[in-house]
């Protein structure tokens with residue numbers, strides 16, 4: 001027989017307690033603890049299960065493992081493949097998260113249609129009926145050859161159907177909507193998500209089926225469910241965007257088969273998602289106006305040109321306002337301090353607003369120089385050097401430090417037709433490679449950059 005055990009679990013962090021608390025003792029979140037009933041198996045059942053699986057697998061030496069390269073298959077989107085590390089790996093377990101209505105179901109349905117032209121695909125919907133999925137399918141105007149659709153929330157029936165169909169690629173929409181009938185907790189609870197994802201992971205590995213599950217996010221933008229879920233999967237991808245812009249971004253948070261710094265860029269249209277072939281054109285504007293510069297940042301292996309916009313006004317407050325969109329506010333404070341110290345311009349009397357083109361989030365410190373020149377350009381109301389790009393990290397001593405992947409950034413500037421690029425000191429060989437393609441201005445500190453870029 002099995003007895004019932006009552007426990008209290010935080011729906012945010014997954015920590016367990018024996019009694020209810022209004023605030024989680026682990027993550028300090030309020031009203032997140034929920035009572036869940038667990039079935040405690042008897043000693044006899046545990047011994048029986050151990051005997052059933054005993055000696056089912058044995059360890060082998062590394063020399064016995066096949067060294068044959070795993071062949072990936074395409075997702076149907078080059079941008080999606082880039083984020084996955086070059087395509088979908090057979091037997092991989094992928095988690096795709098994002099805000100409600102951002103387009104998670106749309107991208108996986110479009111991808112399923114493309115994959116089904118060459119591979120067998122099973123799409124499992126736990127949130128919609130088959131008729132509702134068909135309506136979206138017709139709107140997307142997709143073609144398919146071997147795409148099966150299954151509407152179910154029961155984990156056991158889902159596993160049976162996956163084994164019966166034996167697809168190369170399976171999608172579950174979503175992990176929070178399915179449940180294990182052996183557990184008494186409600187779908188979407190920490191224990192349900194943990195148990196369901198664990199069984200699905202075993203299924204994917206044992207049958208060499210690439211499995212993608214869609215996950216919900218919390219109001220703070222973090223993936224809902226226990227942290228165990230992120231540890232179980234091979235790849236965690238965030239699908240980002242907002243209701244104002246039609247552009248969507250795929251960002252890899254964890255990837256056992258590729259880089260975690262890659263980004264995929266899409267545009268949401270009436271007929272579905274479309275890849276952006278030249279994303280730099282979306283984040284830049286070729287007008288030469290005061291307060292706007294162009295920098296080139298790296299997202300994984302991809303260089304992107306992004307505009308940095310600044311607005312500097314006389315403040316009417318005792319503490320000047322500092323706001324940013326797309327870059328860290330702490331980074332802005334540091335850049336302002338460096339400029340005030342080493343350029344000799346007092347900025348404590350001015351409000352400063354800085355934003356990136358399209359609200360694109362930049363974490364690359366090589367954008368520092370572009371931010372500084374934009375601020376001074378707005379302050380002096382002087383347009384920066386026309387048709388130019390600014391790359392370099394500002395040190396606290398006022399020096400402009402070398403940027404990573406500078407070659408690829410210069411190549412992107414050349415491809416976009418940029419005539420001038422301001423960079424820290426570079427190797428002579430690199431300079432010679434581009435001397436006939438673009439004017440490279442090497443500077444060693446912020447003062448040199450200002451004199452060159454903002455002189456009339």
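Residue 1 is the first one shown; counting continues down the chain.
From the backbone N, Cα and C atoms, a Cβ is placed for every residue, glycine too.
The domain 'RecA family profile 1' (69-217): residue composition by secondary structure is 59 helix, 32 strand, 58 coil, according to DSSP. Positions annotated as domain 'RecA family profile 1' by TrEMBL: 69-217.
Residues or ranges marked as ATP binding site in TrEMBL: 98, 99, 100, 101, 102, 103, 104, 105.
Away from its own ends, the motif 'RadA KNRFG motif' (254-258) comes close to residues 83-86, 89, 92, 230, 233-236 of its chain (Cβ-Cβ under 8 Å, at least six residues beyond either end). Feature annotation from TrEMBL assigns motif 'RadA KNRFG motif' to 254-258.
The region 'Lon-protease-like' annotation in TrEMBL covers 351-456.
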Over the domain 'RecA family profile 1' (69-217), what does the predicted model average in pLDDT?
91
Comparing the binding-site residues 98, 100, 101, 103, which residue's C-beta has the most other C-beta atoms within 10 angstroms in this structure?
98
Long-range same-chain neighbours of residue 104 (ATP binding site), Cβ under 8 Å, sequence gap at least 6?
96, 97, 98, 173, 174, 214, 239
Counting across all protein chains shown, how many other Cβ atoms sit within 10 Å of the Cβ of residue 102 (ATP binding site)?
20
Here the binding-site residues are 99, 105; which one has the lowest number of other Cβ atoms no more than 10 Å from its Cβ?
99
